[in-house]
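Down below is the structure, laid out as structure tokens.
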Amino acid sequence: MSDPNRKAPDVTDTVSSTRPAPPPVALVNPANRNEGAPRGDDEQVLRLEDVNIFYGDYQAVRGVDMTIGRHQITALIGPSGCGKSTVLRSLNRMNDLIPGARVAGRVTYHGEDLYAREVDPIEVRRRIGMVFQKPNPFPKSIYDNIAYGPRVTGMRVSNMDELVEKALRRAALWDEVKDKRKQSALALSGGQQQRLCIARTIAVSPEVILMDEPCSALDPIATSKIEDLMFELSRDYTIVIVTHNMQQAARVSHRTAFFTAEVDEQGERHGRLIEYDTTNKIFTNPAQKRTEEYITGRFG
Amino acid sequence: MSTTSTPPASHAANPRHRPSLSQRRSRPGEVLFKLALQFCLLVAFAFLVALIAFAVIKGWNRLDPRLWQEMPTGAASRVARAGVQSAITGTLWVIGLTAAICLPIGIASAIYLEEYADNTRWYNRLLELNIQNLAGVPSIVFGILGLGLIARVIGLGFTVITAAIVLSLLVLPVVIIASREALRAVPRSIRQASYALGATRWQTTWRQVLPAAVPGMSTGAILALSRALGEAAPLILLGAVTFIRFNPDSLLSSYTTLPIQIYNLIKEPQAEFQELAAAAIVLLLVILLALNSAAILIRNRFQKRW
Ligand SMILES: Nc1ncnc2c1ncn2[C@@H]1O[C@H](COP(=O)(O)OP(=O)(O)O)[C@@H](O)[C@H]1O
Ligand SMILES: [Mg+2]
């Protein structure tokens, strides 16, 4: 491991993570890994330039500019309804599936405009996967859940069993499910289901994984497992996570973007990006008053 | 909680004034209402039981293999040896064909409306409204359409295929509506998961949504077909009324069906015909009950799994 502060998740430990529980208000991460681009990886994977997102006539998000670095965990935080999920979905064109949703401005992936006419959204989603708030395994076996992505995307897989095993291992789920791969995924616990969803996403070898409040439906133990997993995955993947849990953002992310909803002259509410910086800076010395108020719990 | 709020008028605050719990009263309104509900249920159920009992008792003498081994007759002298075989085979032909026509079309339409159509477009909404309306059109109207358009203009005549097409049109709205409901019951999260892995719309529909919707769809399909099975009105116009003494052997055969055969038998004055009709009614009811039980069984067996 390149980073001494990162603890390797112990995949054999099925009961609980050995990581101590966070202090009640862990605004300053004691073991802060988050010095900007920690591993000399400052290549930009995604870039948003003046992004405005609409649902029909309603503008949900206004004027967002940010860049997302390679192999970093970027957290989007802010009060509910400020457009975090909306921004996240714009990164892999999941907004296309919502009738009336429209993205204006530029979202680029390695310099390529994601919304250019000739871009195939299917291809975008293969490279930029997504994990949802509520675990949503297919009502099929564990094995088929993972094999589904490679199958539908036409990946040439010489040995599917091996691929399934690798994905399960990578998602720290193998030891718990290796004997019941042919059983229904719906029999798993919530935390296991969510790790299965991560394994399923990994199976198509995306470069970026978007996570929309992946732990909000889970108990603390399952949450800490997913957080461990995120550290581990950030070595190979770029992760963007929406979370309403500030401690979680402080614990896991390298950079944090703080969003909030602002009321404009016409009295309409729009989500805006207020501050975006290293997680350390956001949580110890935010430049904006609103950020400080939010992270200290005085508003939101 | 503000500190200045008035103290709650809690009984606990002053135990001496706490009313006792043992004040059980009879509430005549409650009892009456419940009785009224039970009475209504009883009336509905009693009618059904009486109907079945009546048919069974009346047709008892004719509930034997003759019913499906013998052909119908129009002559009172031969009715003791007659059955309704051609009506049974005719029904099987017509319903089989109806299923083959209306299920693929109905399910495909439902998939289009649920998975592909943009509901914000006026033409899709118009389509939807019309399907709802079609479901309420009296079946005799479909018979008139079938007679004029399919039997005469297209020239398919009074045949099995004409009957199947008309019955398909009749139950198509039901199939579409039931299939749409089944599709809608598949959670959005399943579709999202599939799309997020890079699946196309077709792959998502075919591999995730449809399999999950099959139980609901089959329930709807069975109920729609059992409606077609009992339908007589449109077929009266479509040439099913004559006594047919042979089984259909092609799409262009003449035919009769059980409801029509029953209608024909009932018309005759002699008691022997009435008995045979009652036996045929029992047969039809058994088939309908079997189909509906199958629908319930499927529904229970594949209860929602998420
Ligand atoms: N599918 C949708 N259709 C219309 N409005 C939506 C939709 N999804 C979200 N919104 C609106 O966009 C705004 C931002 O929502 P969202 O991105 O879900 O916020 P967050 O994830 O930060 O809680 C909210 O005002 C919400 O009502
Ligand atoms: Mg959200």
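Keep in mind that glycine also has a Cβ here, set from the backbone N, Cα and C atoms.
No curator has checked TrEMBL annotations; they are predicted automatically.
Per TrEMBL, the feature domain 'ABC transmembrane type-1' maps to B:88-295.
Annotation source TrEMBL lists region 'Disordered' at B:1-23.
The transmembrane segment annotation in TrEMBL covers B:31-57 (among others). Within the chain carrying the transmembrane segment (B:31-57), a Cβ under 8 angstroms from the stretch's Cβ atoms is held by residues 63, 278, 281-282, 285, all 6 or more beyond its ends.
What TrEMBL lists as transmembrane segment is B:92-113 (among others). When Cβ-Cβ distances below 8 Å are used as the criterion, the transmembrane segment (B:92-113) is approached by residues 124, 127-128, 131, 160-161, 163-165, 167-169, 171-172, 175-177, 179-180, 182-183, 205, 210, 217, 221, 224-225, 228-229, 248, 251, 253, 255, 257 of the same chain, each at least six residues removed from its ends.
What TrEMBL lists as transmembrane segment is B:134-154 (among others).
The annotation transmembrane segment is assigned in TrEMBL to B:160-178 (among others).
Long-range Cβ contacts of the transmembrane segment (B:228-246) within its own chain (Cβ-Cβ under 8 Å, at least 6 residues beyond either end) map to 71-74, 86-87, 90-91, 94-95, 98, 138-140, 142-144, 146-147, 151, 157-159, 162-163, 166-168, 170-171, 254-260, 262-264, 284, 287-288, 291. Here TrEMBL flags B:228-246 (among others) as transmembrane segment.
For B:276-298 (among others), the entry in TrEMBL reads transmembrane segment. Distant neighbours of the transmembrane segment (B:276-298): 52, 54-56, 58-59, 61-63, 67-68, 79, 82-84, 87-88, 215, 218-219, 222-223, 225-226, 229-230, 258-259, 261-262, 265-266; these residues of the same chain sit at least 6 beyond its ends, with a Cβ under 8 Å from one of its Cβ atoms.
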So which residues does the transmembrane segment (B:160-178) touch in its own chain, when a touch means Cβ under 8 Å and the partner is 6 or more beyond its ends?
90, 93-95, 97-98, 100-103, 105-107, 109-110, 113, 131-132, 134-135, 139, 142-143, 145-146, 150-151, 216-217, 219-221, 223-225, 227-228, 231, 234-235, 238-240, 248, 250-253, 255, 257
